[in-house]
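Student: Following this message is one structure expressed as structure tokens.
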Amino acid sequence: MTYALEVDGVDKSFGGATILRGVAFAVEPGSTTAIVGPSGCGKTTLLRLVAGFEKPDAGTIALAGRVVAGSGWAPAHRRSVGYVAQDGALFPHATVGANVGFGLPRRARTPARIAELLEMVSLDPSYAARRPDQLSGGQQQRVALARALAREPELMLLDEPFSALDAGLRANTRRIVADVLAKAAITTILVTHDQPEALSFADRVAVMSAGRLAQIGTPREIYSTPVDVPTAEFIGDAVVLSARVEGSRARCALGDVTVASNGVHGNARVMLRPEQIEVTTDGAGVSGTVVDVEYLGSEMLLGIRLDTGDGEVPERVTVRRFGATALTPGDRVGIRVLGKAVAYDL
């Protein structure tokens, strides 16, 4: 297979500080990949290397089988790549139509083509006469996408394009952008620090940490079977407990739990997602006491101090509970584990 993008052994430093170390991954044509990680982990630098805004210190980058960095070099304007920045980077004193037309060859800058591009991103062609400051943040990002689409790129790079939008607008804009790119069958890479955004937007997710790729997989794989505890805790709420693993079972503060088979034995740590822990009021399962409650509307986050019954310092877990039944600090509850835990060597 010829990949839409291949990154192999890429390093990058600035001023003596190492930003990327041995980054390697491949992206299939027509797919959507999200690169997610905390601020400063190197994800935007990686995107800029792919775009051609920076040169790697080592390693190679190939687009559709053609080396564009490494043994050869192609500048940004000679790569079939679209780029949408966090702030959209629209020209503030130009009209929407002029902004979109900037991505077109001069002879193709016709009202009909600009109208077509605006309609692709669910904007009425009449918006062409407006200025960017007359649009909402979500509309501005869609104009930026239309400008990037004008070049008919083989690869679209999205650098945290939704982060400046409020929650409701962000979700709606994300859905529109995802739909546009899927219909156009354009290979897409999204960089974000928002874990739910990465999981919902992409076919595959790459988790970055300290300049390296910690794990690449489907959203379900990344969430359900993270490669290590730091990845588990970064990608979502996690309950991590000390345990003793024997075969497919582990003994921990929540009792005997089933673990996914991954070769871990003996003293270890096990990870569960909060939704795997069922809180009951009938006394079934391991018992504990509610010590704090965080109300989140349709759900509650409960801090529960577990009863160990053996004189040890009680272990505390945070679990998610749905439904209208109110619990308050001091309430006695039972806990049952649903599904399999993931075990990690110490």
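Heads up, the Cβ atoms here are built off N, Cα and C, so glycines get one too.
Per Swiss-Prot, the features are:
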DOMAIN    5-235  domain 'ABC transporter'
BINDING   Gly37, Pro38, Ser39, Gly40, Cys41, Gly42, Lys43, Thr44  ATP binding site
Student: List every residue in the same chain as Gly37 (ATP binding site), at least 6 positions away in sequence, whose Cβ is under 8 Å from its Cβ.
Tutor: Lys43, His193, Val207, Met208, Ser209, Phe234
Student: Taking every residue in the domain 'ABC transporter' (5-235), what is their average pLDDT?
Tutor: 93
Student: Far apart in sequence but close in space: which same-chain residues, 6 or more away, have a Cβ under 8 Å from Cys41 (ATP binding site)?
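Tutor: In sequence order, Met208, Ser209, Ala210, Gly211 meet the Cβ cut-off.
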Student: Looking only at Ser39, Thr44, which of these binding-site residues has the biggest number of Cβ atoms within 10 Å around its Cβ?
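Tutor: The largest 10 Å Cβ neighbour count belongs to Thr44.
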Student: Only counting partners 6 or more residues apart, tell me which same-chain residues put their Cβ under 8 Å from the Cβ of Gly42 (ATP binding site).
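Tutor: Set apart from Gly42 (ATP binding site) by at least 6 residues yet with Cβ under 8 Å, we have Lys12, Ile19, Leu20, Val23, Met208, Ala210, Gly211.
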Student: So how many other Cβ atoms are close to Lys43 (ATP binding site), meaning within 10 Å of its Cβ?
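Tutor: Summing over all protein chains shown, Lys43 (ATP binding site) has 29 other Cβ atoms within 10 Å.
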Student: Around the Cβ of Pro38 (ATP binding site), how many other Cβ atoms lie within 10 Å? Please give the count over every shown protein chain.
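Tutor: That number is 11.
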Student: With a radius of 8 angstroms around the mean position of the C-beta atoms of Gly37, Pro38, Ser39, Gly40, Cys41, Gly42, Lys43, Thr44, what other residues of the same chain does the ATP site pick up?
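Tutor: Going along the sequence, the neighbours come out as His193, Met208.
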Student: Provide the number of Cβ atoms within 10 Å of the Cβ of Gly40 (ATP binding site), excluding the reference atom itself.
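Tutor: Excluding its own Cβ, the number within 10 Å is 12.
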